[in-house]
Amino acid sequence: MDAQRFVLPMNGENISVVIGEDITGHISEEVGHYDSLVFMISRNVEEMFGSKIPPLENYGSSTIKITLNDGESLKTLRNYQRIIKVLVEKKVSRNSLLVYVGGGTVGDLAGFVAATYKRGLRMIAVPTTLLAQVDSSIGGKNGLDFSDVKNVIGTFYNPYLIIDDLQFLKSTPDLIREGMGEVIKYSIIAGGDMFRKVSECSLSNFHDHSADIVKMSIKIKADIVNRDYYDRNGVRSILNLGHTIAHGIEGASKGQISHGRAVATGLMVEAHIGEKYGNTRPEVIDEIMKLADNYGIERVRISDIGVNSILRYISNDKKMSEGYINMPVPADIGNIITMKVTERMISDGLNTFIREHERK
């Protein structure tokens, strides 16, 4: 497979993106321009794909390697301070390059380090999950958790190069399912060619189309982000499609439900809410369900988690104001609107989902 290369405009910057297989060697082409290399890598990725990543000796003697454990618990001030301490002790200059290889949580921490150490290091992102390739590595957001609040500390900071190596996606089908919730979301937002591409594919032939799916997803998200980079005018909120319910599911399940399953189920529930109040074409619900089924994404059993438990987490959502939340819902494929939704309306949607999809 020949690598695809394109330039992604982002908030006045031009980000280079390379998509292909066995392309991590592109890192070596960049290192010579800098005083030193800070190489942050996921421990899981290193154990599974270490032979696919060029040896650090290739990058010269002034390399600082930092191995990280994946997971939300990584994103703490303590871990951030430990890394900064290493960089200070190693006298890492501002003319240094930070490269991260890993999933979304590694990218969050690495992005925050790059943005803040000496007011900014140049950064290369090598996201290793489908979710990170199509979502968290795009848009500039990074963040740390504090006092049990996710991403309460963070910046907007872009890599200048993103290397999407598709070899990382071949380790397990779970990586595909986890990311396809977001890809399905993009297909509903954009409609057209994206919806057709995702509809024509399935879990069994995903790798034949992965480069196109990743590229199309990136461009859809980037187009939305560029109209509201700092998340202030409401345009970027369209990317929350499916996520009001998904965040409630993830919180109420104590993280036991994967993000992909939560988002796919959230898309269905939110479409039910839109349909009940006359805003969503009824067939949209079945179309979302068919996509999820094609990629083997199991629907969440809402009744096992509890409607009230989910509502408790949603009621604490920072977007909830004066008893309602502005929630994006699909009026149709390719047509997203915003509804003012109360907790009662969300409760009705969750209970409708239980009746329609859990008791048949």
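Including glycine, each Cβ sits where the backbone N, Cα and C put it.
The annotation NAD(+) binding site is assigned in Swiss-Prot to 70-75, 104-108, 128-129, K141, K150. For E182, H243, H259, the entry in Swiss-Prot reads Zn(2+) binding site.
The structure, with features from Swiss-Prot marked on it.
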residue	record	Cβ within 10 Å
E72	NAD(+) binding site	13
L74	NAD(+) binding site	19
G104	NAD(+) binding site	21
V106	NAD(+) binding site	31
D108	NAD(+) binding site	25
T129	NAD(+) binding site	26
K150	NAD(+) binding site	15
E182	Zn(2+) binding site	26
H243	Zn(2+) binding site	25
H259	Zn(2+) binding site	22
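Rounded to a whole number, the distance between the Cα atoms of H259 (Zn(2+) binding site) and V106 (NAD(+) binding site) is 16 Å. The secondary structure of H259 (Zn(2+) binding site), as reduced to three states from DSSP, is helical. Around the Cβ of D70 (NAD(+) binding site), the same chain contributes S42, R43, N44, G102, G103, T105, V106, each under 8 angstroms and 6 or more positions distant in sequence. Comparing the Cα of L74 (NAD(+) binding site) with the Cα of every entry in E182, H243, H259, these being the binding-site residues, the smallest distance points to H259. Cα spacing between E72 (NAD(+) binding site) and E182 (Zn(2+) binding site): 19 Å, rounded to the nearest whole number.
Apart from the site residues E182, H243, H259, the chain places the Cβ of L131, D135, G181, K185, G242, A246, G260, A262, V263, G266 no farther than 8 Å from the centroid of the site's Cβ atoms, the recorded Zn(2+) location.
K150 (NAD(+) binding site) carries a strand DSSP state (E or B).
For the pair E182 (Zn(2+) binding site) and D108 (NAD(+) binding site), the C-alpha distance works out to 18 angstrom. G104 (NAD(+) binding site) and H259 (Zn(2+) binding site) are 12 Å apart (CA-CA, integer value).
DSSP assigns D70 (NAD(+) binding site) to coil in the three-state reduction, placing it in neither a helix nor a strand.
In this structure the alpha carbons, written CA, of G104 (NAD(+) binding site) and H243 (Zn(2+) binding site) are 17 Å apart.
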